[in-house]
Amino acid sequence: MSPSLNTFPGQPHVARKEGSLCVEDLELETLARQHGTPLFVYSQQWMLDALAAYRRGFAGRDALVCYAIKANSSLGILRVFAEAGCGFDIVSGGELARVLAAGADAAKVIFSGVGKTRAEMRQALAAGIGCFNVESEAEIDVLNEVALAEGRRAPISVRINPNVDPKTHPYISTGLKGNKFGVAHDRAVAVYRHAAALPGLQVVGIDCHIGSQITEADPYLDAVERVLDLVQAIEAHDGIRLHHLDFGGGLGIDYNGDTPPAADALWQQLLARLDARGFGERRIVIEPGRSLVGNAGVCVTEVLYTKPGEEKNFCIVDAAMNDLPRPAMYQAFHRIEPLALRADEPTVRYDVVGPVCESGDWLGRDRDLAVQAGDLLAVLSAGAYCMSMASNYNTRARAAEVLVSGDKATLIRRRESIEDQLRTELP
Ligand SMILES: *Cc1c(COP(=O)(O)O)cnc(C)c1O
């Protein structure tokens, strides 16, 4: 067997051992037999290694990594990061409840998002979160009102839309003038002056987040420069001091030959820029999501039928767009690997599709596979934006999840039952 079949790019903890696909020291086939399919399996070591790479990049600095939990908000995953001392980036009151349940330190929680409700603001003030990343002038006034009514001061950072040129950086999708996120770069100074004068608010930082699955360093570094320009302009007004600089998340992972910069190398470059401009002593915050979990996870699924056709052959599996929404939503690529190889059988070119009644329900197109009904496949790179986006469409139960550490497996979510799904509905 060629060595290239034994491991997969970006996923050193997913490997074929004696022909059988494993996550860390455990065979996926054994886990699938025990827990059924579709089944998400995560490598704890991959997550800790990814976090360690960020921390290496920030060694010796005052820096806080806040895991952006919308990438994967399962409690068992959050506990791994909470125990490692991570902060968290949340975007809803529900996510706040999750991180607190996982044992997060509220002071290390930052609250992003363009549409925070008053109730969510009250909940976050009561919990004592570290920072509200506000995204509009209207939100600033509402948060001030809510904080005053609660007898508190809300710590805030204003999310800046750096408007990094799309022509040079086509992957950026949230940091452009046409996006709904953040406050326009040229409004920033006025917005900070306004916020600093409000008695219910305490200005503590500045933030930006330019997009997701970014595979080049330049957009980040451009955004950093644009934010630092603003820090200088904002602090030229007396009384405003930005204690932390938050550069968001968005670092990509290797799905299929993608070559994102390594976290440690990227953050060293960023720190060099900060040092050069005299900001090296500031507290740095970052909000990575995908790059802390994406390649930690696989989704195991069973082949239900193979269906030859005149134009296309279909491999119909028991996972679907409700479990793995990224192909349907973004035409995203996930590598698909059989758990056991049928080495002597010819491959057939298939579209791998789920049972959901939508033509958009596909997991992979034009994949060469030697498979039969009953075989198990692993959809790789399924740690981020899969389970957290899963739905009950077609009244399908959400999958079970297992966390693997070495030769130890922990069921962190049981498979949903039909009773779970019907519980909130009235007769
Ligand atoms: C989604 C999001 C992140 C995380 O993005 P990744 O691409 O998963 O790293 C960080 N910050 C904010 C504000 C976000 O919306």
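Positions of Cβ are set from backbone N, Cα and C atoms, glycine also.
Among the candidates Gly250, Gly257, Gly354, the residue that TrEMBL annotates alongside Glu287, Pro288, Gly289, Arg290, Tyr385 as binding pyridoxal 5'-phosphate is Gly250. Tyr385 (pyridoxal 5'-phosphate binding site) and Tyr330 (substrate binding site) have their C-alpha atoms 11 Å apart, to the nearest angstrom. Cα separation, Glu287 (pyridoxal 5'-phosphate binding site) to Glu358 (substrate binding site), rounded: 34 Å.
DSSP assigns Glu358 (substrate binding site) to coil in the three-state reduction, outside any helix or strand. Using a 10 angstroms CA-CA radius around Lys70 (N6-(pyridoxal phosphate)lysine), the recorded positions that qualify from Gly250, Gly289, Arg290, Cys357 are Gly289, Arg290. Here the Cβ of Gly289 (pyridoxal 5'-phosphate binding site) has 25 other Cβ atoms within 10 Å, regardless of which shown protein chain they belong to.
With a cut-off of 6 Å between Cβ and the nearest atom of ligand 1, the recorded positions Gly250, Gly289, Arg326, Cys357, Glu358, Tyr385 reduce to Gly250, Gly289. Note on the domain 'Orn/DAP/Arg decarboxylase 2 N-terminal' (53-293): mean pLDDT across this stretch is 93.
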